[in-house]
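Structure in structure tokens, see below.
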Amino acid sequence: MPLAHAQTAITRDDVIAKLDHFETAAEIDVPALRQQVLERSRSRSKNEPPPSKRPPIAPDLNNLPAFNADIQFDVDTPIVLPNSYQTVGRIADALTHASLLPYTFLIVGHIESTGRRENNVILSQRRADAIRDILVNTFKIAPKRLQSVGLGEEQLLDPTRINAPVNNQVQIMLVAKVADEPA
């Protein structure tokens, strides 16, 4: 898919404004959610609703402060395209801002509803992991502050338009305060 649209430049302050709204810690078992997404993507029942009619697999995520990032990847890979590194850098700048330092975040990968469901889950997980790896390895964000999960097409950002570009976005969600280190 050629890049037909220019990426809108985001600022660190855009990210902070969306994420700096902590209310209560979310209890999210990320490994269990990953397993649940993979199992549901493998479901082949005749009663399985189409992507536009599936209930969200993790509805609680919709209640978290979130920033949706339009990060471009190479086709069918978790390779972030060079024009998106600035966006990832601005996210890193926001995560190191004093108002967001005490929190942990969930990086959520989404993907539009083309191809096989199971492959979409795997690719969205690999893309969420890629963003986490860049934030940790390139921008030195503490790994304990970041988790990642790929939802594939199991929780579309715009279920009414299953192949819309918005469904390829990556979300950064504020989850909880960083656990205090034992003394």
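Cβ coordinates are placed from backbone N, Cα and C, and glycine is handled just like the others.
Below are the features listed in TrEMBL for this protein:
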type: COMPBIAS; residues: 38-47; note: compositional bias 'Basic and acidic residues'
type: COMPBIAS; residues: 48-58; note: compositional bias 'Pro residues'
type: DOMAIN; residues: 60-178; note: domain 'OmpA-like'
type: REGION; residues: 38-61; note: region 'Disordered'
So if I exclude everything within five residues of the ends of the compositional bias 'Basic and acidic residues' (38-47), which remaining residues of that chain have a CB under 8 angstroms from its CBs? That is, six or more out.
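Apart from its flanks, the compositional bias 'Basic and acidic residues' (38-47) reaches 57, 117-118, 120-122, 152-154.
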Taking DSSP states H, G and I as helix and E and B as strand, how many residues of the compositional bias 'Pro residues' (48-58) are helix, strand and coil?
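Split into helix, strand and coil, the compositional bias 'Pro residues' (48-58) gives 3 helix, 0 strand, 8 coil.
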State the non-local partners of the compositional bias 'Pro residues' (48-58) in its own chain: residues 6+ outside its ends, Cβ under 8 Å from one of its Cβ atoms.
28, 33, 36-37, 40, 113, 151, 153-156, 159-160, 162
Given the model, what does the mean pLDDT over the domain 'OmpA-like' (60-178) come out as?
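Averaged over the domain 'OmpA-like' (60-178), per-residue pLDDT gives 94.
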